[in-house]
């Protein structure tokens, strides 16, 4: 299992040698003060924040300058361990911080007051829904302007400066507005620590006149703060394991299912250890793809109700006990609430809570500790896996086309499958790429990311920028629909500035295909762009970029060969022309079921 880049077991080694928030005095702690005592003139708020970001594993901050954050950006630029990545807009800066957090374990973006803050808000909400620690830093008004009844620019024209703060309160786990130096040190440390502890975004506003000012609390190089690991209540853990062992050991054909909150709990390895110890067959929920290995012999595939991997749903739903580790059950993951699961057969394991069947429930039980303890107690039972082997029939292959026949999407993904290695990562944009990418079989070490809970179209462009920046040892392959690309296309420019070598497959089928399958209408048809020409214009002769437009399998094969060979160090943009009705069968099924869920009539009053 890949336990580094993109892993659910913590940030990569690049994130300060793999440790976050370890006390400098702790035995074997890799985070130590790397600079001597600094003079009072150098001991500024801006320098303190910059060093803190480096110490928790942030090497890149995605930013859009504005007059309220310019002096703060100066200090981020001056920090040797930080790179300031200028983005084309705040939404993409937020998406990039989201992607970076997926690769490194924590991300950061910097914007200006209100016009920047409200622009990045959608991306921060997405990071909140996906349980990603993103530090959103906003430059705020001069500290002297608070409480003066003055009206400032970049506001809605009233002297109340709290609008931005109030907007962020619902999509961040902590908010701090720094308007004086006396408690700035504590406010910054608390915000960053909370983001890491809760695995959620935080909002940090810093008055524009403070970053360059010294204060006695900043006169020493910041000593890394201690993030005490959360520990289970010992008696609760023992009781939860005892109840679970009794529940599972009397089952005839139990199974395991990995959910997306494995990342939050850093329990990926513990889950695999349980698979090995128990012999159970296991599946993943769609948004947990990439969190556990798919090369294990007991892997069934993706459990996604009616659109599951072939033979997977049959084994999961016919089991007499199923343990879900970190699930999120929403209308999308349950295919319009159509799961055939029974509560009394389920064990639901959340990062800090376990529910066995209809009860009992155990709080203050950490998932990682619980799964590890369970692996030592559970009896081996391979019945579900043996049943799977008996009914399994290998999947077919796409029909071979005629020479120069228009390219089919299933042929495209057959070739993408052949591209994947342990040094790859896949990003899937909201749309039919969800379903086609979900069917890819990931080699050991191959990363995978998509945004299922929030499902904001356009996410993948910014997230690709951030993920590739954070996972520089991976070549990232992004599958993006034309409608989604039109939302956030500008930051291909930033990818070129950062000298990234990702491969973008732009699937041009003329509209919002996922929306068509939920509810069609003329609003789902978009204006066609000359996408390759657009990327060439953005390239403008600066940096390494290569584009291709493909309409048949022969052209696709040649383009992939070039991207992996001659242009392996370039950003490669391959526009794939597809028929507007060429969709996966899973999208057809999923769309009809989600449509039915959306169109339920009101309950009688």
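Including glycine, each Cβ sits where the backbone N, Cα and C put it.
What TrEMBL records for 45-149 is domain 'Thiamine pyrophosphate enzyme N-terminal TPP-binding'. For 241-352, the entry in TrEMBL reads domain 'Thiamine pyrophosphate enzyme central'. Residues or ranges marked as domain 'Thiamine pyrophosphate enzyme TPP-binding' by TrEMBL: 452-576. The Mg(2+) binding site annotation in TrEMBL covers 482, 509, 511.
Same-chain residues that are not part of 482, 509, 511 yet have a Cβ within 8 Å of the Cβ center of the Mg(2+) site turn out to be 481, 483, 507, 508, 510, 512, 513, 526, 578, 580.
If you average pLDDT over the domain 'Thiamine pyrophosphate enzyme central' (241-352) in this model, you get 96. Comparing local CB density within 10 A for the binding-site residues 482, 511, the maximum falls on 482. Cβ neighbours of residue 509 (Mg(2+) binding site) (same chain, under 8 Å, six or more residues apart in sequence): 481, 482, 578, 579, 580, 582.
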